[in-house]
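Only one structure is covered here, and it is reproduced in the block below.
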Amino acid sequence: MNAEALLHEADPLVSQALERALSDREVSESDALILLQARGADFHLVGMVADELRRRSAGDLVTYVVNRNINFTNVCIKQCGFCAFSRDFREEEGYYLPPSEIVRRAAEAHRMGATEVCVQAGLPPDMPGDTYEKICRAIKSEIPDIHIHGFSPEEVLYGAARSGVTVVEFLRRLKEAGVDTLPGTSAEILDQGLRDRISPGRITVKEWVGVITAAHRMGIRTTSTMMFGHLESLQDRVRHIAKIRDIQKETGGFTEFVPLNFIHTEAPMYARNLHDGIKSGASAPDVMLTHAVSRIMLNGLIDNIQMSWVKEGPRFAQVLLGWGANDFGGTLINESISTSAGASHGQLLRPKQIRQLARDIGRTPAERDTRYGIIRTFDDEPKEGALDVAADSQFGSYFELVKIKKFRYDNPRTR
């Protein structure tokens, strides 16, 4: 049965919303809420429409970026309910990578074809205000052509506070030091009441929007994200995506939107049952609809919808390529945050694996840069690259890292 026939047979409210989307009209929050609750044939119809909008916006390429995550410390002054990565400064598992090790990891990745390093971390106490700038300058002095995708709005706010300057001034310093783009993480759900429950003391909605829009005005593009499948309602999700849409209308600074399913296993608020009604992540159909509705709501404004293979696994991520997503994200090489929360899909997805996953569904793989410029389209499979054949053991793991004594966090308060 084709989409036209399904539209004719669908619930009238579903078909009206989808017809608006197909005619490139904006889908309202109430429309999106209806679509998130689609069932039966309507469920599949939502996916078909999202896939058609993906085809119009992004074509049949499945993109990916060769990158490395460098989470340089897990020591953090905050204790968010969803985060199993952070450690108090007094804990033995607290680690801190010095600039020399950060540069070594960046250089190693660059030799293997990486075009980006993603630098994010906890918020260590008593951090010197110029820490992030020094990290960027160290990386750029060694590898001037690598793209630094670094520092969430939470980190920008913290760095500005530690430096005693405004957010705008701190962003200017980061840009001058070598930051190219910012990850739009620390968004979770952009509802203050919900944030106060899952991460009291974390960056507020107003502050997050302020950092993001300030970055965009300075020409620093960012990604955008949403963490779902915990305490939020479907309405919360819709409002979050609508807020992202409104920002994009104003600034045009987002490169992508990434729905992130809550990894519950080791998350403190789940493991300790801190909230009534907390969910163990979203179900597979819910994840599919959330990606599809993201594509539908952001149609014409944000062309790239990325899925998280770390959270969903490569095979289910492949399924999401038929539900509005067009981007596989990064190779990562190291991944600490989802892994520490209980994700079981590894920390490295090799370029050849991503290319095969794309080809398996009849799509063409393409390597991109951080801003979605296409570096190379792969009509045929190339010779294996260095990252395709490197042993996993070469890069270490989070669980090994927290045991290395030379990287143990040395807090100045305890000296």
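The backbone N, Cα and C atoms fix where each Cβ goes, glycine too.
Nobody curates TrEMBL annotations by hand; they come from automatic prediction.
The annotation [4Fe-4S] cluster binding site is assigned in TrEMBL to Cys76, Cys80, Cys83. Annotation source TrEMBL lists domain 'Radical SAM core' at 62-301.
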In all the protein chains shown, the tally of other Cβ atoms within 10 Å of the Cβ of Cys83 ([4Fe-4S] cluster binding site) is 21
CB neighbours within 10 A of Cys80 ([4Fe-4S] cluster binding site), counting all protein chains shown, number 21
Confidence over the domain 'Radical SAM core' (62-301), expressed as mean pLDDT on the 0 to 100 scale, is 95
